[in-house]
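Below is one structure, written out as C-alpha cells, with a few remarks after it.
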Ligand SMILES: Nc1ncnc2c1ncn2[C@@H]1O[C@H](COP(=O)(O)OP(=O)(O)OP(=O)(O)O)[C@@H](O)[C@H]1O
Ligand SMILES: [Mg+2]
C-alpha cells in the first residue's frame with residue numbers, strides 16, 4: 001500500500017515536472033511565433049488612433065442618413081470600413097478615400113486595446129531587441145493621452161513597464177533590471193528631465209522662473225555621435241544621463257510624474273508650450289538570457305505637434321520652435337526613408353532626435369535586430385481637408401506623397 005502511494009507520488013511529481021516543461025516549451029514556441037509574425041509584418045508598423053470628438057466638434061449639419069451611412073456616430077468625416085482601413089469622406093466631391101494601417105483604432109478604443117497591439121514590441125524588448133514607439137500627430141490629437149494618459153487610465157508608458165515587470169516575475173530564473181530616464185528635446189537642445197526635477201525640487205513650482213531657466217540650461221546634455229558599435233556596453237548614448245531604477249508601477253509613475261512636472265515647469269519658465277518639444281521616456285532593460293547578459297533600450301516618444309506652421313503667421317520664438325520641429329520631424333522621415341532603402345549612409349546626425357534614437361532605429365549590433373513602431377494619432381474631425389493634412393506626414397512607410405497619390409488625393 002505504502003509502495004503504491006510512493007509510486008503515485010513519484011508519478012504525480014514527474015507529471016508536474018513534465019507539465020512545467022511543456023509550459024516552457026509552449027511559451028518558447030509562442031515567442032518564436034510572435035517573433036516570426038513581427039518579421040513578416042515588417043519592422044516598421046504604423047497604426048492610427050482617432051481621438052473622440054469634443055462636443056463642439058460634433059456636426060449638427062450632417063444629415064442623419066449621411067452620418068449613419070458613414071458609420072460616424074461622432075459627426076466626423078472619418079469612417080472605419082474594414083479592419084486596418086480608415087476612410088475619409090469628402091462631402092463636396094462625394095468621394096471616399098481609404099488609408100491602410102497596421103491597425104486602426106476608432107474613438108471608442110480603450111487604452112488597453114491600444115496597448116495590446118503594442119505589447120508584442122514590448123515583449124521583444126524583454127527578448128533583447130531595441131524598440132521605439134512614437135506618437136505622431138497634430139496638436140490636440142491625443143499623443144500625450146496615448147503615451148502618458150491619466151493616472152487612473154494610464155497609456156503606453158506605464159503599461160509597457162507593467163508588462164516588463166510581469167515578464168520578469170514569470171521568469172524568475174533570469175535576472176532583470178529596469179531603469180528609466182526622461183528627456184525633452186526643445187529647439188534642438190536635449191534636457192535631462194529627471195536631473196532637472198532633482199535640482200528644482202521635483203518641479204513643484206516653488207523655484208523661481210530664473211532658477212528653472214538656469215536648471216534647464218545646466219541640465220542640457222550632449223548626445224554622443226559615436227557609431228553604435230563603439231558605444232560603451234551600457235549603451236549610454238547620452239553620457240551622464242540620470243537613470244532611475246524602477247521595479248514596480250508606483251516607482252514608474254512617480255518617475256514619470258517628476259519628469260512631466262519638470263517639463264511643464266521648464267515650459268512655463270521659458271514661456272513655451274510643452275507640446276512644442278519632443279518628450280522621451282527611455283527604458284533600459286538589462287537581463288540575462290541563456291547565460292548571456294544583454295542590454296536593450298526602449299524609447300517611448302511623444303513627438304511635438306506635427307502641424308505645419310505657415311511662416312508668415314508666426315515670428316520670433318514661435319518661428320524658431322516651428323523650424324526646430326519641422327527640421328527634426330523631417331530628419332526622422334529621412335532616416336526612416338534611408339533605412340528602408342537600406343542606404344549606406346543613414347543621416348542620424350541631422351537632428352538631436354534622430355541622434356538620441358539611433359540605436360533603436362538601426363539595430364545596436366549584428367545579433368540584435370531593431371524593432372520600431374510609429375503611431376499616428378488623428379483628431380476626429382469634420383473637415384476632410386484637415387483629415388488629409390493629418391494623414392500627410394513624413395513618417396508614412398511609403399511616404400506621404402505616395403499614399404496620397406495612391407488614393408487620388410493629390411496628383
Ligand atoms: N482617446 C481619448 N479619450 C479621451 N480623451 C482623449 C483621448 N485622446 C485625447 N483626449 C483628450 O484630448 C485632449 C488633447 O489630447 P492630448 O493632450 O493627448 O493631445 P496631444 O496630441 O498631446 O497635443 P499637443 O501636441 O498639444 O501636446 C486632452 O484633453 C485629452 O485628455
Ligand atoms: Mg501632448
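In case you wondered, yes, glycine gets a Cβ from its N, Cα and C as well.
Of all the Cβ atoms in the protein chains shown, 13 others lie within 10 Å of the Cβ of residue 139 (ATP binding site). Residues or ranges marked as ATP binding site in TrEMBL: 137, 138, 139, 140, 141, 142, 143, 144.
Among the features that TrEMBL reports, domain 'Kinesin motor' is placed at 43-369. Averaged over the domain 'Kinesin motor' (43-369), the predicted model reaches a pLDDT of 81.
Taken from TrEMBL, the feature region 'Disordered' applies to 390-411.
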Open item on the list: Between 137, 140, 142, which of the binding-site residues has its C-beta surrounded by the fewest other C-beta atoms within 10 Å?
Closed with: 140
TODO: Could you find out if DSSP has residue 143 (ATP binding site) as helix, strand or coil?
DONE: helix
TODO: Check the binding-site residues 141, 143, 144 for any whose Cβ is under 6 angstroms from an atom of ligand 2, and report them in sequence order.
DONE: 143, 144
TODO: Go through 138, 141, 144, our binding-site residues, and report the one whose Cβ sees the most other Cβ atoms within 10 Å.
DONE: 141
- [ ] Could you list, ordered by sequence, which of these binding-site residues: 138, 139, 140, 141, 143, 144, have a Cβ under 6 Å from ligand 1?
- [x] 139, 140, 141, 143, 144
